[in-house]
Every structure is written in structure tokens, then in C-alpha cells.
Amino acid sequence: MGKSDFLSPKAIANRIKSKGLQKLRWYCQMCQKQCRDENGFKCHCMSESHQRQLLLASENPQQFMDYFSEEFRNDFLELLRRRFGTKRVHNNIVYNEYISHREHIHMNATQWETLTDFTKWLGREGLCKVDETPKGWYIQYIDRDPETIRRQQEQERKKKQDLDDEEKTAKFIEQQVRRGLEGKELEMPVYTELNRENEEEKVTFNLNKGASTSVAASSKTSSVLGQNALKMVEGAVKRKEAAHGSGQSKEKKKKSALDEIMELEEEKKRTSRRDYWLQPEIVVKIVTKKLGEKYHKKKAVVKEVIDKYTAVVKVIDSGDKLKLDQTHLETVIPAPGKKVMVLNGGYRGNEGILESINEKRFSVTITIDSGPLKGRRVEDIQYEDVSKLA
């Protein structure tokens, strides 16, 4: 009987079956092969290639189990970190998203028998915060990245410094008010009786005089406080001018509120960073050793970016195509005068010409030659934020 036609119902059914996930019990982790049914799995177990893999694993089974366990743990934690961050989430939600990828490491090839055992192990090792509820086990990723810890410490230090400045300002204002009130006694009011000298004369009350005296007294007190507050403001302005220069302060006075807001937004965009940097048509270097010496330290061109963190690269020397994570790649800095692309920061996605390289500060200076910022010179861009264009 001839082979089924491409559009026949049987061929279509086979393609639909091969797309989705199959049953776990018909998957061979050693050969990384998924069978559709029991008969296919039985035939695979009797094949020569499977027997060779079993002989290889029987020499050192613990080594293979440790390798699969480490890969499963790294991929699971990487998904938890990128997808959920430090949020508290049910462990089954993370696991279902992890196994949705066909090329994942199956749990039956690791040292953990169940997801609950793996969750408890994460808690014992201090990799996650775990707690058991009536709805199941919940996990929370603990971010121990040095950059994250440094950023948190910097935020706490800045918050503490702001509180100290507010306390100093409040104490200074209180001292100024106390000095203004020192040596001034409050005038006590004098009460007199109402005497009517002439019976025919009308009794009149001049309320304007009392009001004027109260207004004068209040204006006197407010003038003292106003002078003290004015002195404090003038001192702050003088200190600010001495720190930043008189020229800059004049320019800031001339700027409108809209200009200041636009400058703040532009500065925020410049300093904004993301944890992914891959872009198509850039030259990268393969730094992982898991692929062997054949690809280690080899340069490649990014052809396609998948899910922001994964790239399909083409090795320049051999022309082979590989699918790698961004952690297995690093940027390439060309010679001055070559074209580069900014991969992170406020100028992300802009192309430019490399002007100079600062080896002491691990940074470069470029001139943007595309987009609305064409002609702008940008200094102190870190090595990891720029890469050569193919």
C-alpha cells in the first residue's frame, strides 16, 4: 500500500497528534523520544539505539540522574523567576507552564518522585519560600542576585536619607519660630467699665479700632514668622546655587513646568533597563561549554528572537544554526568606526557608529546615525548594552 497523501485524513490526524503533548509514560528521557502509543514505546525499547543508551547509563546511573535533576531545577527556577518574579504562586501553575514545552526534562528522570517532594526540597535548600495551604503548596522565589540586593540597599539608604532631611528641616523651622518669639511678651488686654457721662448722649462702639489692633498684632506675628521663613528659603536657594552654579539656576528658572516634565521623562527613559537584550541581525559570541569546544567562543549572527530571551543564531564559521538562551551569549564590541546597535537603556534599538572604547570603565562612545536622535553623541555605554551589527 502506498504512502498516505499529505492532505488525507490519516496524514492530517498524524500531524495533529504530533503537535500536542503526549502521555508521559510513553516518553524516553535517555533518548529524548516521545512515542504516541504503547506499541510504539515497546518498539522503541527494543531498538538498538535505546539499548546503547541504556548500556551507557548503566555505567554511571547516578551521574545521569544528577544531570537531569540539575537541568530540571535550573529550568524550573528560571521559569519561576522570569514569569512570576518574587510573587507567591501555586506550584502546580508553574509546573503546568513548565511541562507545556515539549523539550522539557521529565520529573520521572530526576531524583524527585512527586512535585510535592520537589517543592519541599526547594524550601529546605532556601531557594524559595514554601507554605502549605488547604489549596495546596505555594512557592515564592527568593531573588539573591547581587544587583537586586544592591538596588534594594540603595533604595533603603535613599529612603532613610530623605527621612533624615525632613526631620532636619522640621527642627530648623521649629528653631526659627522659637527664636522669633523669644523676648516678646504678649500684650494683656485691659478691660474698662462702660461709663455714660451724659444721659442724652448716644452710646457708640468703635469696633474698627479693636479690629485694627488685632490685625496689627496678627500681622506683626506673621511678619516675624514670614521673615524667618523667608530667610530659610533664601539660605536654601543660596546653597543650591553654590552647588549647581548660578548659570544652571538661571536656566532652570526660565524653563517651564512642561519642559521640566519632558526632561524628567527623557531621563527616565534613558535610565530604564530590561532584563532581556537580544535583537535580530547582531553579532554575538557563544560562551557556553555545554555544546563542546566546536562552538565555544565562536561568533554568530542572531537570525530570530523567540520569547525575548531565546535566539536562533547562525554560526559564522560553520553556518550551523543553534537555538540558545541569552545567558549563553555575550555581546561583541567591534573596532572604532564600525556600526553597532544599542541593546538596553533609553537608546535601546538605535543604530550608531562606534567612536571610541574606554577599557578602564568597560564602556564605549557612539554617535547615533538613525531615527530622530540622529547625530547625537552618547558616552559611557557599557559593553553589555551594545553589540556589533552584522
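Our numbering is plain: 1 for the first residue shown, then up by one each step along the chain.
Backbone N, Cα and C atoms are what each Cβ position is placed from, and that goes for glycine too.
Under the heading domain 'DNA/RNA-binding protein Kin17 WH-like', TrEMBL lists 52-178.
Taken as a whole, the coiled coil (149-176) shows an average pLDDT of 79 in this prediction. The coiled coil annotation in TrEMBL covers 149-176.
Among the features that TrEMBL reports, region 'Disordered' is placed at 237-257.
Within its own chain, the domain 'KOW' (333-360) has Cβ neighbours under 8 Å at 266, 269-274, 277-279, 281-283, 366-371, 373, 377-378, 380-381, 383-389, counting only residues six or more beyond its boundaries. Per TrEMBL, domain 'KOW' is recorded for 333-360.
Counting residue by residue with DSSP, the domain 'DNA/RNA-binding protein Kin17 WH-like' (52-178) contains 87 helix, 15 strand, 25 coil. Under DSSP, residues within the domain 'KOW' (333-360) fall into helix, strand and coil as 0 helix, 12 strand, 16 coil.
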